[in-house]
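This report concerns only the one structure given below.
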Amino acid sequence: MDLFRKPKKRNAPVVRKKESSSDEDQDSEVKDVIQKRRRTNPMVQSTKQLDASTRRADNSSDDSDDSDDNQDIAVATHSFAASGDAGPSGPRDQGATATLEVDTDYSHDAQAQFERVQQQLKEGVEKDGKILYKGSALYGAKEAKDTAKGNAASGYNRVGPVRAPQFLRQTVRWDFAPDICKDYKETGFCTFGDSCKFVHDRSDYKHGWEIDEEYEAGKYGAEDDANYEIHEGDDTFPEDCFICGNPFVDPIVTKCKHYFCTGCALKSFQKSSKCPICQQNTENIMNTAKELLTYLKRKKQQQKQEAEKQEEEKDSDDDEKPHECDDHHHHDHEDEPEEPENDSNVPEAEEKSDEEQEIMMEDVEGLEGGENDSESDDDDAEKD
């Protein structure tokens, strides 16, 4: 049995909207709405999230209800026309000549007043024997000569307010200690961070003795084309086996891309399945090093071709040497006096010289007063 009786809820009274009798008032009402784009703040979050379906339903209902009202709403939109200039929007000098107008104007500061007084003193106070009045600023004023105040006409060394720099642009230079942070250069990380007094730079540097060597060799500042060469992949292949240190015999390659002789690898893997170089587990997997074999074969062919070229060059040099010797002897003979071409002509010349001597002797015997003449006279006397 219920001791307390619950009261029944009454329905809310239905309020009927009053219809406006005048249609002219509705037409005269114009709403001015400015569309604002709401910016969502990522820091503000709500626990209530609506489903996509409910959001679509709400939006559709709102659009249907407001479709009739939006017909008479004047929407104010803001648009800005482009300037049509391809250059920057700021000044052409990028603000290099912009001035700071916070301080006192240069025409009214203490420096300007000092300069005006000095100019008046130079022009002179007296004119036609009369003293001219030029303001209270000249009471007791004297032309500053050979003094610190007079020499410092710029005003930067005087006592009093100093004229501040007018331009906004400034150049800031960070002067680091002449040392490089070793941790940052090697690892790229420093525990001190931005408070480290050493330079955080990972670029390469040269020692002083290296620069001196380049300067003495005449290579200082010259670019080496070899620094920009892209080497082929053949340079990555080793020349000898890592285990035995000898040239490869039936080379194999492991999973970690290391090359060994077949016999050396089998002996090493009997003790441990780890790679002797990188200590990774190879799982005793070995493959034939086809790339290494092709590289070694191509290298042998290149060496053979180079040896043949060297032999050909040596042979050509040997052939050129005898010709050079012949030319040398030829030049020597040209310096010597000319000799008869054939040796057979030498005795003929000697015979000719003997005949000439005999003829000469006969002529001498035929002369008067000679020995032959006396003998002939004796013979004639005996006959008689």
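Easy rule for this one: first residue shown is 1, then count along the chain.
Note that Cβ sites are derived from N, Cα and C of the backbone, with glycine treated the same way.
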Practice problem: For the zinc finger entry in Swiss-Prot, name the matching range from 117-145, 146-174, 175-203. | Solution: 175-203
Quiz item: Quick one: DSSP breakdown of the compositional bias 'Basic and acidic residues' (303-312) into helix, strand and coil?
Solution: 10 helix, 0 strand, 0 coil
